[in-house]
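Taking it in order: structure first as structure tokens, then the write-up.
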């Protein structure tokens, strides 16, 4: 029982203690809520009453009030700002760059032309020649020729005797560093062979700076050679920047999803590829002075030997000797008195020249040129042969043929990387979670910049092949391998001949039955007459992709698969296939590979001159 009273006293004491702060602070009606749990004692069972003993409660000490102060509010501590995050400098990003085309001009063969002592003049005595006439032709005098040749009176000349004249002056070119015989010949509009022959050299002979090269007769100085080359620019390609951007320091932010380069078409002007112009010269021989036909006087009534000698500017003795006449006897009416030989201009033939081409250079007809030289219009010519030029000729200079080739234009890169600022502008402002593809895992590190490759086309597969050879390269590859199948007048040259018409070869006029020879070693690929308009036709397949064709033959001497050598007869000239006169249609074709279609090539640019 005592224990129960003790518990009741503790409860009352506790209640008084909890109520004291409210009265002490002067705030009634507001209770302080403890911040610890309170466990209430179990309630006494119903019906049981606990009564305190008299005097026991009074004997307990009265509790003293405890002063309570309100705790100050707890200040919320401010967190320090996050430490700045140093972002490393990004890897060099690819940028779109292109090089514009540029023009390069180089000047060569810049040496001066000087005057030097030329070779002495030489005249071979022919029938009817007189010393005085030879002296006049050389621009000299009888006395000078007598001294130069140690002649003695009465100064009789013998057939075939060589009479030396005074030395002439000539023009020469002073060689500069890097000059070649071919480049010098090009400047002075002559052939390298003619230039070498004039200087007793070989065409490919080495020359030194300061060396003087005599210039052949008929040269034309076109001045230093200027070569202009357009170097094409490079198409726009992705390249890494030369210097990476400096590192930046910024507050840490949520990592953004790495962006990828976006391929977009770029409208880009394609640079013009370099063009190559090949100029070839033909009929490049020199014009020389040769002995012309002798003057002839027909004796008329009253003529005397003295009067005729005066007309020919000869002495009576020279005229009598040249015609085997007796000065004491009278002349017969109608007799032909031969005077001194005249001089005239002639063209010195070079390899590959024809009467037709020579006539074109000197602005005369083939018929007149052939008649002046007692030749047929289709006659073959030899190097060094002198072709007399008819009266009224006009020298237009060597024939120039210019061929312009343009290499294939490389495909331009039409894809470029979109600028990062533009890509950022289209990025949503709210974060978008990145969902990696199952096929390609998300990269965990920056990806190195790679060149952007255009996506494959949906059309046919494109197979990359080596660039096709240019026309100049094709011509160079055939030089020195082929020979003319025959010689004659070219009546139709290579190229376009009118609206819708084109000649893929050369038509060479020649007499019926003239042998047609193989241009080079090879195998007979075709021999027959089944190709319309070509008549009897022979095709020869050669090494390195070359094929030659020989059409309008009157007969053929070969069969399929037969091996032939250069110069071996294939057939004879005819007029089969619808042509109206005997001729040979000759073609040269080239194919880089067996899969390529053979392309016609101008034989005049490949065959020797």
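Numbering starts at 1 and runs along the chain as displayed.
The backbone N, Cα and C atoms fix where each Cβ goes, and this holds for glycine too.
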Open item on the list: region 'Disordered' per Swiss-Prot: which of the ranges 242-280, 281-319, 320-358 is that?
Closed with: 242-280
Task: Positions on the same chain near the domain 'LysM 4' (345-389), where near means CB under 8 A and six or more residues out - done: 191, 193-194, 282-290, 292, 395-399, 484, 487-491, 509-511, 607-609
Open item on the list: Given a Cβ distance threshold of under 8 angstroms, which distant residues of the chain, six or more beyond its ends, lie next to the domain 'LysM 3' (295-339)?
Closed with: 127-128, 130-133, 136, 154, 156
